[in-house]
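Residues or ranges marked as region 'Required for interaction with KAT2B' in Swiss-Prot: 1-166. Sequence annotations record features per position, and here Swiss-Prot assigns DNA-binding region to 98-173 based on sequence analysis. The zinc finger annotation in Swiss-Prot covers 101-121, 137-156 and rests on sequence analysis. Here Swiss-Prot flags 185, 203, 461, 568 as phosphoserine. What Swiss-Prot records for 208, 210 is phosphothreonine, and it gives experimental evidence as the kind of evidence. Taken from Swiss-Prot, the feature SUMO2 cross-link covers 238, 575. The annotation SUMO cross-link is assigned in Swiss-Prot to 238 on the grounds of experimental evidence. The domain 'NR LBD' feature in Swiss-Prot is assigned to 333-577; the stated evidence is sequence analysis. Annotation comment: Swiss-Prot describes 571-590 as region 'Required for interaction with NRIP1'.
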């Protein structure tokens, strides 16, 4: 870092200087001096002055007749700072004050979203966060960002904004018109201040949690030693965005950060309207949602005929639908030769041919972007909701699943959504950064222990569930399971006939047997030397039944949708037309 004296010499000799600050490592800011042209050719001397400090430099002419100027910087300032003093200014006070933008070095207009920035960087950051824009860098993600080149790489500019303290949570949602209802918008449906144990995850978290009992301490120590739980800190988080989104898909995968919350909010608003028009009737729809009751009767019929359900999922479509259509098959291709039965038909048709095709192998998850500096409940809940929706879309893309009829399809997904979701966590382990999410849960439980906000029994059940999740995902990752194997494992789980209340259980059992036969054939052809691979994979499925669906909801979804049960949302998703899903299963390839 150049000294003040060196900077002064550069300013005098060249009328142009360069300042390199600690806050802007590798970033150069050009300062054009305010010297009067009439003073050119005169000799300036670095003069000592009473009260001068190492941070001050006085410039004067030999005859002391020139314009005295003082350039100084202060190490306690959060941004580069430049002041000019002249003899003409009253009481030798500062007549010009410059605060430099920490992002690009332009003249700052104040503190915006937690950092001193110019109006340009302020507006750029606000637009990027409000619209959830995703950028990609054409270089090596270390582009120079300054006043003249700040618009060349939006990715590096946004990363620089976040790195220098601009807070995404400080950006408010766009305000609605006055005539619109004052209820929170979908983007505000899940506040970052409301998390499942009421702790703000934006603050740095402790590296190693401690626990009450010795047994819990031993288990947690082994968990951390395995390397699956990582410390939560800014540098660890910031190195990951490149793997969350492929650069060529980045621009086409933009969407709101509250898909599940938007669906629940839309359904709740529809329910309120229905309740107002039928006052004094049965249980309100909103209460039915919270209780998990899905027998809405006429309500379902009305909102489906009016197309309101489809509009309720507009946000989901934006989040999952890209501009490219080549990455997935067209609805006509996917449904060719497959039966489509209306709910309530007495007959069931078994589809000929294989249960799963190559189109069912792809399982592409689009993560919310940009990734926050510290994980919060909104980001975790949104990531989990996208995985849940994608799992349901995958099930609906199977013709044999549609052949079961609407009621059986709903019953199967309601019974086994937790198992499908857990398999999805293992499959998307790296893309979702599940190890960091689980470590966040552990740290939050540790904090609740210190603050005595949770009963020991509840804390123990949550911790055991987290350990089961970690152990299951860890074992699946070690087996190096490919996309075909995950697809067959999900099909075997989905077509389980042992759930009470299912109709035509014989057909469901035949579908499961068909999935097993195709799975066995694939393993034999692909891994001929691994005799026990099929057995090892199938033996992982019983562990899925140990996962408590209620605890999964509390960990991953409660902060986003409150007390609304996943069971109550599933029927609305599955009653959409199958063709609507084929164009939405798209994103970052695993």
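Using the three backbone atoms N, Cα and C, a Cβ is placed for every residue, glycine included.
In the structure as shown, the Cβ atom of residue 461 (phosphoserine) sits within 10 Å of 15 other Cβ atoms. Counting residues per DSSP class in helix, strand and coil order gives 3 helix, 0 strand, 17 coil for the zinc finger (137-156).
You'll find the Cα of residue 568 (phosphoserine) roughly 24 Å from the Cα of residue 461 (phosphoserine). Confidence across the region 'Required for interaction with KAT2B' (1-166), taken as the mean pLDDT and rounded to a whole number, stands at 63.
Cβ-based neighbour count (10 Å, all protein chains) for residue 568 (phosphoserine) stands at 21. Residue counts for the zinc finger (101-121) under DSSP, split into helix (H, G, I), strand (E, B) and coil, are 3 helix, 7 strand, 11 coil.
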